[in-house]
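Note sheet for the following structure.
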């Protein structure tokens, strides 16, 4: 039996090994073991691995080891899809170079003031980490000179493609000097990413790491079919009976995050909203409060939650089901980190069962249904908490003055048990310890395509035209938007408004056709009513969309298809399919990232309970 390989065996310099040792790690993860020697030897690397595999250290350790601190210009560039990931990578790099005198790291992302970034660049940062949009802005402004760059890393390349940043990535790559080393990491390898590897990489060494199910996050998943009570009441019930440290609740819209937060605060939960309207400073303050325990719940949209990596989160509630299955996977990945177990709860409206089936199909496993906690469950939970509260108070030794008060009460010729019961009634506050029975509810009718012991003919899904993967057709509805060419609108404006306001992956937006006074757009069937109401108020170029339903799309051929390049192919001559730039300048970073932590080296170094790297 061969001995385990350690970081000391990989050829890393002493100052890097010392930093790694300080972090408490000895054994490299599979991707680190494979990539580090290649990058130290000057080879380009194409890494295919899921998040949580330790790829940040896989590229950062060998490349940082080769930085020359005496050269005060950018030598290493890391592009990440979100500002959260960029910050995490930069933080990790800071830890890795703690013993490298003179190595400076700067982070460039939208939402942060330019003067802060300019000051860091002028101080001679050798390592630049940022989002594609802000990096390209600095290049065009002449404030970022990459003429002497030695290393470039594309982290989460498929995410940058999915978010529409691939054009910016290629533009930046074209600016680099001829002799540089490239490392590209991606969980999947769609054709546009392959194209980049062929165009910009020199005989890359491919490293493929399979997910180790033994190290997969321990997440207990369940769903509740919305029935009998409103989601708000159900949410309060579930939160009351769930045993969680911290929780994140996902809503589909910014307005939803505010409404849910207001509901929770009124009912005694320490909560805060997290959405795209927040400044970066306020966002970071909110996440810091969640980390240090002064906040227990954040209510977030998918966009705002990207990049959250907080060990305390042990519960994820999908208040609104995501319209694409991949978003669900990334949502629940916020819990079950660092070897801890987690819970994920999904609310499913009657019209959303198809979306649930899509999620189960992607995950290759079913999600068990859970019953709404009834009055007996709530009552028992409240009583246990109340008894625990009283027991804890009895441990204090400063109760003597209250004993004298009891003596006064007992001499009032009142039964002691009645006095104690009256005290309990006063102490219970708003959360009553004795609850009336729930009103009877009609039994939920199981539909033909509902869950359980259904046996579905495989051809039935084909007849429904459901989407089986990227680029496959799915049932669509046609909508009209009261904004058109005369208003100066372009397809990218429509896509951006729908994708950002509804947190909808742009690939799930169908054929868009522009007319002079209005626009038609195809969206997946089963869109929640609340979301459509939100779209009606959404503004495009400062004009309300006033979205209205026209009917179901009758033929798949009438609908555009999409490829991984984000380009739409439709029959209408008025349809312009370029999707490469459907975003605002300063919000590029506020996108999607999910770093699942495992017991090897997760991408965000931790300071506790480490056994391996």
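Backbone N, Cα and C atoms are what each Cβ position is placed from, and that goes for glycine too.
Checking the ranges 391-433, 434-476 against Swiss-Prot, the region 'Disordered' annotation falls on 434-476. Cross-referencing 155-158, 159-162, 163-166 with Swiss-Prot places the feature motif 'DEAD box' at 155-158.
With helix defined as DSSP H, G or I and strand as E or B, the motif 'DEAD box' (155-158) counts 2 helix, 0 strand, 2 coil.
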